[in-house]
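Enquirer: Before we start, here is the structure in question, set down as structure tokens.
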Amino acid sequence: MTLGKFITFEGIDGAGKSTHLAFVADLLRERGKSVVMTREPGGTPLGEKLREMLLHEKMHLETEALLMFAARREHLAQIIEPALARGDWVISDRFTDATFAYQGGGRKLPFAKLEALEQWVHPTLQPDLTFLFDVPLDVARARLDATRELDKFEQEKAEFFAATRDAYLRRAAQFPERFRVIDSSRPIDMTRQELRDIVFSA
Ligand SMILES: Nc1ncnc2c1ncn2[C@@H]1O[C@H](COP(=O)(O)OP(=O)(O)O)[C@@H](O)[C@H]1O
Ligand SMILES: Cc1cn([C@H]2C[C@H](O)[C@@H](COP(=O)(O)OP(=O)(O)O)O2)c(=O)[nH]c1=O
């Protein structure tokens, strides 16, 4: 049984999710919650090594999907499950929805294979709340170009991100009870207001 809550942040690269992570963590802390902030791929020493490879090395699509879930298995065992059992709130910058969106939607790995891995790695656990930061592709691209050196995924073409965004939106429609789709093309303060309303009604 878990005592804490598990919140995940999702969206295509440049959607603005990292910008809002600390804000939501602060809101929860103001409400007296003990918050663990983490990310995928990564979150553990081994996971961070896998992240380095995943973000910078070319590999077979299935290797990529398997490594995402390998990092996730470690992340669940070392960080997420113990924190939830203690009653902490866990906020993760990405989780399994990202694998469905990027490896499934973007790279076209059959969803059935990802569902098998999901069943293996976390058969019962799902996030309590998933924020999907949604923006048109050109907005995300402009934000990325303005701010940073691009990793392997961020260098993908528009079609890849169109398919990734589409897979995210389909997943949100499939699991409406836990997804909140946030229009992240608005000014940061407007998005924050919406996040505050959702968190305070949680
Ligand atoms: N309205 C906005 N909402 C969120 N981020 C924005 C906005 N306008 C510009 N940005 C900028 O876009 C960049 C990418 O945002 P980031 O949070 O790193 O995206 P992600 O984590 O989704 O890849 C950041 O430099 C951020 O300051
Ligand atoms: C968790 C996960 C991430 N990714 C990708 C999406 C991102 O492009 C990349 C790293 O995510 P992210 O931390 O959002 O990148 P950044 O630090 O540049 O904001 O990994 C997948 O392809 N599959 C996954 O399962």
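Along the chain as shown, residues are numbered 1 onward.
Heads up, the Cβ atoms here are built off N, Cα and C, so glycines get one too.
What TrEMBL records for 9-194 is domain 'Thymidylate kinase-like'. Look at TrEMBL and you will find GLY11, ILE12, ASP13, GLY14, ALA15, GLY16, LYS17, SER18 tagged as ATP binding site.
I'd like to know what surrounds each of these features in this structure.
Expert: Neighbour count (other Cβ atoms within 10 Å of the Cβ, all protein chains): 20 for GLY16 (ATP binding site).
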Enquirer: Give the number of CB atoms, excluding that of LYS17 (ATP binding site) itself, located within 10 Å of its CB.
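Expert: There are 21 such Cβ atoms around LYS17 (ATP binding site).
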Enquirer: Look at the binding-site residues GLY11, GLY14 and tell me which residue has the greatest number of other C-beta atoms within 10 angstroms of its C-beta.
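Expert: Comparing the binding-site residues GLY11, GLY14, the most crowded Cβ belongs to GLY11.
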Enquirer: Which site among ILE12, ALA15 has the most other CB atoms no more than 10 Å from its CB, taking these as binding-site residues?
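Expert: When each Cβ's neighbours within 10 Å are tallied, ILE12 leads.
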Enquirer: Which whole-number mean pLDDT does the model give the domain 'Thymidylate kinase-like' (9-194)?
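Expert: Mean per-residue confidence for the domain 'Thymidylate kinase-like' (9-194): 96 out of 100.
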